[in-house]
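Asks: Sending over a structure as structure tokens; questions will come in a sec.
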Amino acid sequence: MTIAIGQNQERGIFDLIDDWLKKDRFVFVGWSGLLLFPTAYLAVGGWMTGTTFVTSWYTHGLASSYLEGCNFLTAAVSSPANSMGHSLLLLWGPEAQGDFTRWCQIGGLWTFVALHGSFGLIGFCLRQFEIARLVGIRPYNAIAFSGPIAVFVSVFLLYPLGQASWFFAPSFGVAAIFRFLLFLQGFHNWTLNPFHMMGVAGILGGALLCAIHGATVENTLFEDGDAANTFRAFTPTQSEETYSMVTANRFWSQIFGVAFSNKRWLHFFMLFVPVTGLWTSAIGIVGLALNLRAYDFVSQELRAAEDPEFETFYTKNILLNEGIRAWMAAQDQPHENFVFPEEVLPRGNAL
């Protein structure tokens, strides 16, 4: 008879750390948490600090904090001054030289929030990968979350990198984002950009699919319990489905003439539409960073210039964009001291 005696393998420091990080607790930490939690905490903390106390007087000539009288919709952490270029604006860098007050004044909090926010989003994506692997499911949640990451990185980092400085990035605030949207329209004609059109179709299409799917499932729930409502009839361990896919298919076949007959294809489509919309929007913003133009219908512009009675919605929008540029530039970039004489301001029956 042979007796095999096993020896306990000596566990290294990596194994001990791995065990602690993946320990079953109320809030899972994991290796991704080492990136997610510090960066997300600092990004949110930096934004709350900036919107509460820090002025934008030295960067945009604006009041932007609760301390100065702003509210939740008008407060913001504003982008750095144009003169700062694409500097990382480190607290210990040559611009601030360790002076926290000066660092806040020149816009250091914006780069702080933008960079930590980017890494926080990446950490959250990695968290979904990590937990999916531990639970034993596919990582489509993490893949879907690549869409918001792509939009954030393209808007807040890649667009200003293609422009003159961080100054042209959106500031972190509600009204500040609206100002940025007007800027994109006036200077890039963003709404006529095909990538923006695909993005709108993806986001609104995803919302439509979500509403239809939720309503259809609610409509076809099996009432297989004796409780007061159908929610209690569901148990997490039940073997049968909770709603009738066959009935749902029958319903939409009668409505449209076609319907999803496969749950996998249905849910993949619900994943694909909004994520593709986010990615196409991100690609479009990278195009704006390089100053790529949207659709130009020059023949309509030439005819409108020759014939005062000819006008289209396109030529209307071109005039409106000229107005946005002329009246916004002086307000938006006070450091340039723009002065536009009356004869260069846009004219026409569109305005």
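Cβ coordinates come from backbone N, Cα and C, glycine included.
As annotated in Swiss-Prot:
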BINDING   His116  chlorophyll a ChlzD2 binding site
BINDING   Gln128, Asn141  pheophytin a binding site
BINDING   His196  chlorophyll a PD2 binding site
BINDING   His213, His267  Fe cation binding site
BINDING   His213, Phe260  plastoquinone binding site
TRANSMEM  39-59  transmembrane segment
TRANSMEM  123-139  transmembrane segment
TRANSMEM  151-164  transmembrane segment
TRANSMEM  206-226  transmembrane segment
TRANSMEM  277-293  transmembrane segment
Asks: Which state, by DSSP, holds Asn141 (pheophytin a binding site): helix, strand or coil?
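Replies: For Asn141 (pheophytin a binding site) - judged by DSSP and reduced to three states - the answer is helix.
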Asks: Count the other Cβ atoms sitting within 10 Å of the Cβ of Phe260 (plastoquinone binding site), across every protein chain shown.
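Replies: Other Cβ atoms within 10 Å of Phe260 (plastoquinone binding site): 18.
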Asks: Rounded to the nearest angstrom, how far is the Cα of Phe260 (plastoquinone binding site) from the Cα of His267 (Fe cation binding site)?
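Replies: That separation, Cα to Cα, works out to 10 Å.
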Asks: Measuring Cα to Cα, how far is Gln128 (pheophytin a binding site) from the residue listed as 'chlorophyll a ChlzD2 binding site' in Å?
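Replies: About 18 Å separate the Cα atoms of these two residues.
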Asks: By the count of other Cβ atoms within 10 Å, pick out the sparsest of the binding-site residues His116, His196, His267.
Replies: His267
Asks: What parts of the chain pack near the transmembrane segment (206-226), using Cβ distances under 8 Å and only residues at least 6 beyond its ends?
Replies: 232-234, 240-245, 247-248, 251-252, 266, 269-270, 273-274, 277
Asks: For His116 (chlorophyll a ChlzD2 binding site) and Phe260 (plastoquinone binding site), what Cα-Cα distance in Å is obtained after rounding to a whole number?
Replies: 42
Asks: For Phe260 (plastoquinone binding site), just give me the three-state DSSP call.
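Replies: Assignment for Phe260 (plastoquinone binding site) reads coil.
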Asks: Going along the chain, which residues at least six beyond the ends of the transmembrane segment (277-293) come within the CB cut-off of under 8 Å?
Replies: 146-148, 150-151, 153-155, 158-163, 184, 188-190, 193-196, 198-203, 205-206
